[in-house]
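Structure first, then comments.
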């Protein structure tokens, strides 16, 4: 991810600020098209007579260069915008094959991202706030979104990651961080309207800091001459996980399927919980107060069967044949909660990959 490189704290953020100033192709001809209309006017009979052949040739060459070059360039290098027309089927396939036990997150992400990308004139940026315990798939979903929009995925120059404990470690520097954050976002959106910004560890971010980006998420056509309406902002947090677990556990104890949980059963209570959590970067945040978060996406705690799905996929990705005995043994090594019922994995799928190494240690 573009903004993860360059150091820690204010120094690291300041270092990466420079990168936001570069010029890049915007995925279209832009000025070339305007020049094209002007040059085509030269072809009118009453005007062509007054234009020398050499001058006309140079003008047309300029048009072709301005129109064709950006398109040729983007065939061999990453450009701002989508890698191709976003495929709903491809996005759904990725979610189905790589994300387990998250029927709510799958539906929200699929509809929200596909609808937003295919809207030629969105009224505001897309803002997604992903909540749940560690290992439930929040980071994985941000990876899937990035890969379906940019060829480089998380390594794209147009995908930017902020980690609260890395980039904003000191409470005493909040004012400085706010200024740097605004500069970084403004610079990168100016260079590429379809920029993606991912904020990890929102539960560890200093309260009030994230409000610095409020103007960029609001319903403005332009902010200081820049439009942010095609950008995507994704927030990742453990805050609210307790509330999500309470709902999932209530359904389990009532003998209901977790797939019966609806967004309306969680979303409002989740947003209120996050807003009132003093240990969250969203504590009394204007982003929530002004309804600028489009979706609060709950990630349910994972059960034993979901861990086995994760293990099988990891085996396949390593080129191993699926060994159900090993799958079961790895899953059984995980710890579960509540203590009495042992329903949910307390680390999700986060550590199953390292535990798998033990069984394939040559």
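Each Cβ is built from the backbone N, Cα and C atoms, and glycine gets one as well.
Annotated features in TrEMBL:
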- 132, 133, 134, 135, 136, 137, 138, 139: ATP binding site (BINDING)
- 302-359: domain 'Torsin-1A C-terminal' (DOMAIN)
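The ATP site is defined by 132, 133, 134, 135, 136, 137, 138, 139, and by the 8 Å test on Cβ atoms against their centroid, the other residues of the chain that qualify are 140, 238, 299, 348, 350. With the fewest other C-beta atoms within 10 Å around its C-beta, 135 stands out among the binding-site residues 132, 135, 137. Note: residue 134 (ATP binding site) has non-local neighbours 238, 347, 348, 350, i.e. same-chain residues 6+ apart with C-beta under 8 A of its own C-beta. Within the same chain, residues at least 6 positions away in sequence whose Cβ sits under 8 Å from that of residue 133 (ATP binding site) are 238, 241, 244, 245, 299, 301, 346, 347, 348. The C-beta environment of residue 139 (ATP binding site), restricted to residues of the same chain at least 6 apart in sequence and closer than 8 Å, consists of 200, 236.
Each residue in the domain 'Torsin-1A C-terminal' (302-359) gets a DSSP state, and the totals come to 31 helix, 5 strand, 22 coil. According to its DSSP assignment, residue 132 (ATP binding site) is in a strand.
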